[in-house]
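Each remark here refers to the structure printed beneath this line.
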Amino acid sequence: MVERRCYDKVNDKVLLISGMQWGDEGKGKLVTHLSKDFDLVARYNGGHNSGHEMYLDGVKYKLHSLPCGVLVPNTLNVLGNGVVVHLESLLSEIDGLLKLGIDLTNRLFISERAHLVLDLHIAIDSQLESEQGEYSTTIGTTKRGIGPTNSTKCKRTGIQLGELLNWDNFEKLLTKLTYKLNHENKVFSNSDLADLLNKELEIYKTNFSKIAHCVCDTSYMIQKYIKEGKKVFFEGANGALLDLALGTYPYVTSSNTTTSGVYNGLGISPSVKILKVGVLKAYQTRIGQGPFPTELFDDNYVKLQKHGSEVGVTTGRTRRCGWLDLVSAKYVQGFSGFDVINLTKLDVLSQFDEVKLCTNYKHKVTGTTLKNLLPPFRYLHNTIYREFLEEGRYPNCCYQFDEYEPVYKTMPGWKTDISDFKTFEQLPQNAQNYVLFIEEYLGVFIHWVCLFINNITFRWELAKMLIK
């Protein structure tokens with residue numbers, strides 16, 4: 001029996017929401033919905049490469065760099081030190097919200113330790129993604145310069161936002177980094193590079209004053225809020241399977257997208273008590289290249305893509321779609337430790353006579369499922385290794401995805417429009433069974449069921465109700 005751990009509006013002071021797949025799980029809907037109960041919403045990773053699409057009071061909003069809490073009046077919003085900032089894009093996003101009547105004056109704070117995304121970073125990213133031939137390193141990024149920015153960060157040559165508070169020093173740092181990056185990547189001629197540098201210096205000189213008042217020690221700010229017992233919300237970008245260390249490497253993003261990334265990304269102590277919420281879409285999607293064991297290429301793909309409106313907010317690319325992969329979800333749960341789950345877009349599956357869930361992988365040749373903990377072993381270059389992965393294990397290397405295929409559990413569909421249903425108990429029994437099977441497989445209580453069209457069904461321990 002799965003423990004029914006529920007979100008307590010009174011006692012759960014610190015909340016974290018993070019994606020359990022390759023991003024695009026629908027995190028923004030729950031963040032926006034719950035943010036009204038919180039004093040501060042902080043984002044701990046990513047940059048303007050991610051995208052959130054939300055509806056609030058009938059108006060559609062598209063966010064990239066900013067936390068979803070910006071849509072909630074009086075809520076403070078933080079971009080932590082784990083976020084990378086492209087100044088022009090951020091200002092454009094702020095101006096766009098202002099035109100829609102949302103003023104972020106005195107509501108947005110940005111870490112002085114956040115690294116800057118330069119236009120040259122974006123040019124390098126675009127160059128890498130356009131490479132052709134045998135030695136191409138293309139992985140399907142958004143071409144927003146996030147990878148090159150984090151690369152310079154790791155090389156200790158990047159520039160933090162706080163450096164702009166001392167213009168003379170910033171000018172030296174930007175000049176040095178620009179010529180160094182171009183020397184390494186050979187993107188521009190010397191004359192074009194000089195023009196780019198002058199243009200970028202002018203942009204920063206003109207625009208930084210617009211957000212200078214927002215730049216501060218956000219780590220101290222968040223720590224202070226937590227100590228004072230205020231309600232703080234942590235928002236992650238992307239999804240756990242895109243994590244640099246634990247995702248489907250190298251087809252990953254360049255930051256830590258897992259729950260553990262919140263500590264470094266915001267500068268808070270691991271001792272802080274956090275209710276961790278995992279967001280899981282009722283089926284699987286992915287943008288860009290990389291392994292996707294349950295990917296569909298038939299009419300079922302067309303149905304999922306069309307009815308789920310699976311188009312990337314940032315790039316406009318059509319998302320790849322497939323059945324829900326519970327093996328990957330269990331893998332993510334193992335290192336994330338989510339207390340509760342928010343299941344999204346359940347209504348998109350209403351069109352199917354039957355639905356499938358991947359519960360295991362089997363070898364394409366031998367047909368053996370991934371559950372062998374004992375021999376047979378085999379040798380490779382005098383090294384012994386297991387021929388089969390044990391049950392519940394997710395492959396570590398991309399080549400392993402080519403050797404295995406999904407094992408599905410088929411469940412009857414519900415063929416009923418559930419978009420207007422207001423309680424979990426109103427859902428067709430087959431839909432309820434689908435939710436309960438996921439819950440039992442993962443061993444985590446599904447506290448919210450989000451419908452793509454309208455509602456969020458909220459499951460209490462004894463009663464099930466809808467939050468409007």
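Note: Cβ is positioned from N, Cα and C throughout, glycine not excepted.
Quick look at what Swiss-Prot annotates:
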- Gly23, Asp24, Glu25, Gly26, Lys27, Gly28, Lys29, Gly51, His52, Glu53, Arg319, Lys345, Leu346, Asp347: GTP binding site (BINDING)
- Asp24, Gly51: Mg(2+) binding site (BINDING)
- Asp24, Glu25, Gly26, Lys27, Asn49, Ser50, Gly51, His52, Thr142, Arg156, Asn238, Thr253, Arg317: IMP binding site (BINDING)
- Asp24: active site, proton acceptor (ACT_SITE)
- His52: active site, proton donor (ACT_SITE)
- Val313, Thr314, Thr315, Gly316, Arg317, Thr318, Arg319: substrate binding site (BINDING)
| note | A 10 Å Cα radius around Asp24 (Mg(2+) binding site) captures, of the binding-site residues His52, Asn238, Thr315, Thr318, Arg319, Leu346, exactly His52, Asn238, Arg319
| task | Measure from the Cα of Gly316 (substrate binding site) to the Cα of every one of the binding-site residues Gly26, Lys29, Gly51, Asn238, Leu346, then give the nearest. | result | Gly51
| said: Between the Cα atoms of Lys29 (GTP binding site) and Thr315 (substrate binding site), what distance do you get, rounded to the nearest Å? | reply: 20
| query | How would DSSP class Thr318 (substrate binding site) in three states? | reply | strand
| request: Give the helix, strand or coil assignment DSSP yields for Lys27 (GTP binding site). | output: helix
| message | If you measure from the CA of Gly51 (Mg(2+) binding site) out to 10 Å, which binding-site residues from the list Gly23, Asn238, Thr315, Arg317 are inside that radius? | response | Gly23, Asn238, Thr315
| said: Within 10 Å of Gly26 (IMP binding site) (Cα to Cα), which of the binding-site residues Val313, Thr315, Arg319 do you find? | reply: none
| note | Smallest number of other CB atoms within 10 Å: among the binding-site residues Gly23, Gly51, Gly316, that is Gly316
| remark: Cβ neighbour count (10 Å, all chains) around Glu25 (GTP binding site) is 28
| request: Using a 10 Å cut-off, grab the number of neighbouring Cβ atoms around the Cβ of Gly26 (IMP binding site), all chains included. | output: 22
| said: I'm trying to understand the geometry here, so how far is the Cα atom of Thr142 (IMP binding site) from the Cα atom of Leu346 (GTP binding site), in Å to the nearest whole number? | reply: 27
| task | Provide the three-state secondary structure of Val313 (substrate binding site) computed with DSSP. | result | coil
| request: Would you mind checking how many other C-beta atoms are within 10 angstroms of the C-beta on Thr142 (IMP binding site)? | output: 22
